[in-house]
Amino acid sequence: MERELIVEEMKNISITNSLTSSPHDSNNIIPKTPKSPFSSKILMSPLASASPIMKKALTYMEEIGHLRKLHDPAQDAWLPITESRSGNAYYAAFHTLCSGIGVQALLLPLAFITLGWIWGIISLSLVFMWQLYTLWLLIQLHEFAPGMRNSRYLGLSMAAFGEKLGKILALFPTMYLSGGTCVTLIMIGGSSMKIFFQTVCASHMTTLSTIEWYIVFTVSAIVLAQLPNLNSIAGISLVGSISAVTYCTLTWVISLIKERPQGVSFEPVENTSDVATICSFLNALGMIVFAFRGHNLVLEIQGTMPSSLKNPSHVPMWKGVKFSYSIIALCLFPLAIGGYWAYGNLMPNGGILSALDKYHGEDTSKVILGITSLLVAIHCLTSFQIYAMPVFDNWEFKYTNKKKKPCPWWLRTGLRVFFGCLTFFISVALPFLPSLAGLIGGIALPVTLAYPCLMWIMIKKPNRYSPSWFVNWSLGLLGLVLSVLLVFGAIWTIATQGMDVHFFKTQ
């Protein structure tokens, strides 16, 4: 019915335009008007008072090539995320795979110590399907109305919950998942560089200090960050994806082929109290949930693709996501299950990479151990680029919104150098920040598991008590409850076990 109304309005528009257009201007249906900084055309009377259906018809005509965009903000063409819209399914797969696998995955066998075989596998499988479903929701919501693209998570949150509430709910989590992740990547990447150097060259040269390796990593990241936009780093994301898959595979394969340490046990760890048991269980669930990441980037990645009604961007985006998450599953499940089988309750707190060094450091080739550390460093360096891009985009948005012109090259370079220096300073000043990962990660958890479901309800408005309504309300509320419980568990752990707080004292 709505399609018939749109077609009827399109006929009316054709009649109107035949009366108002100049015979010498066959390419432009709409009369020319002065340009504004953020629109290429402004509709004048008699179309200015168009009905909602007419506006849909106009948008449809634009999409199939009859009209230019009614609302074509030039600002999008000036920002790093949407500056280039030549992306494809391959680029989406590279970006998603690079951002979706992290060193958090190396901690998965630790979760099995508390959960055991059955509940560990069940929890990992359920969380994997849950976050894949919310990814699908975000991809579908990228263009929830014809002609409208939500290329940033914060923008979609504001569209769903309102400008004020949307900012409150999404601004801090998304900025933490970008800036906070970059700080963590400097710590892990710099430390991995140091381990690689000690493993390969320790007998020949004097090693640098930890802070000096942080500087080496940060300078390298700043140099790569000068690439202008998200599409331009697709090759870097490909390198990062290969590195991540390789070091994940190396760790669990070596752990399986080597002889298991003496005293491996799969008995559940006993806790001193019921509260401690609950907190251990929540901590294990948190390790599984935090192993999956990148939801704050999926809309940005999709925003780099061309889109029209005939060829919507969600089709190639979903193809890329399905491929990348097939690879992620082939990495994470063997890593969790194989790592737990190899080390059981002997798994150190540093995860399977620490276990490999602790139990097989002497009988494993230094070349293999060195390559593993180098691959971790390379993946951290490449992940830094994609996680920093929303921050660059946000800063440049503020400039272009105020000045109504693109950000000059010297300012763009300066902003990226400043961001690198800022994250380096935080990594040195707050070396205990990873100890707060459970607390802050619990606050940011709804970005992955809860908000997409609630945004789907607010935007799509499914019929009450329909399967879609029931599933999304259930998952959304469950995600919020899980977030609260993980924050409680993190606070309880810090209160009972304490935390080594030291400023400007890197290990």
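Don't overthink the numbers, they just go from 1 along the chain as shown.
Note that Cβ sites are derived from N, Cα and C of the backbone, with glycine treated the same way.
Per TrEMBL, these features apply:
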type     : residues : note
DOMAIN   : 87-494   : domain 'Amino acid transporter transmembrane'
TRANSMEM : 89-111   : transmembrane segment
TRANSMEM : 117-139  : transmembrane segment
TRANSMEM : 168-191  : transmembrane segment
TRANSMEM : 211-227  : transmembrane segment
TRANSMEM : 234-255  : transmembrane segment
TRANSMEM : 323-343  : transmembrane segment
TRANSMEM : 367-388  : transmembrane segment
TRANSMEM : 409-430  : transmembrane segment
TRANSMEM : 436-458  : transmembrane segment
TRANSMEM : 470-495  : transmembrane segment
What else in the chain is close to the transmembrane segment (367-388), if you only count residues 6 or more beyond its ends and a Cβ gap under 8 Å?
95, 98-99, 101-103, 177-179, 181-182, 185-186, 188-190, 192-193, 195-196, 199-200, 217, 220-221, 224-225, 227, 230, 233, 236-237, 239-240, 243-244, 246-247, 250-251, 254, 297, 353, 356-357, 361, 416, 419
Look at every Cβ pair spanning the transmembrane segment (211-227) and the transmembrane segment (470-495), keep those 6 or more apart in sequence, and say whether at least 3 of them are under 8 Å.
no
Contact set, same chain, for the transmembrane segment (409-430): CB under 8 Å, 6 or more residues outside the stretch:
179, 182-184, 186-187, 190, 211, 214-215, 218-219, 221-222, 225-226, 228, 388, 391-392, 395-396, 399, 503-504, 506
Taking pairs 6 or more apart in sequence, does the count of Cβ pairs under 8 Å between the transmembrane segment (89-111) and the transmembrane segment (470-495) hit 3 or more?
no
Non-local residues, at least 6 beyond the ends, that sit with Cβ under 8 Å of the transmembrane segment (323-343):
89, 92-94, 96-97, 100-101, 105-106, 108-109, 111-113, 117, 120-121, 124, 128, 132, 135, 241, 244-245, 248-249, 251-253, 255-256, 258, 260-261, 264, 266, 291, 351-352, 355, 359
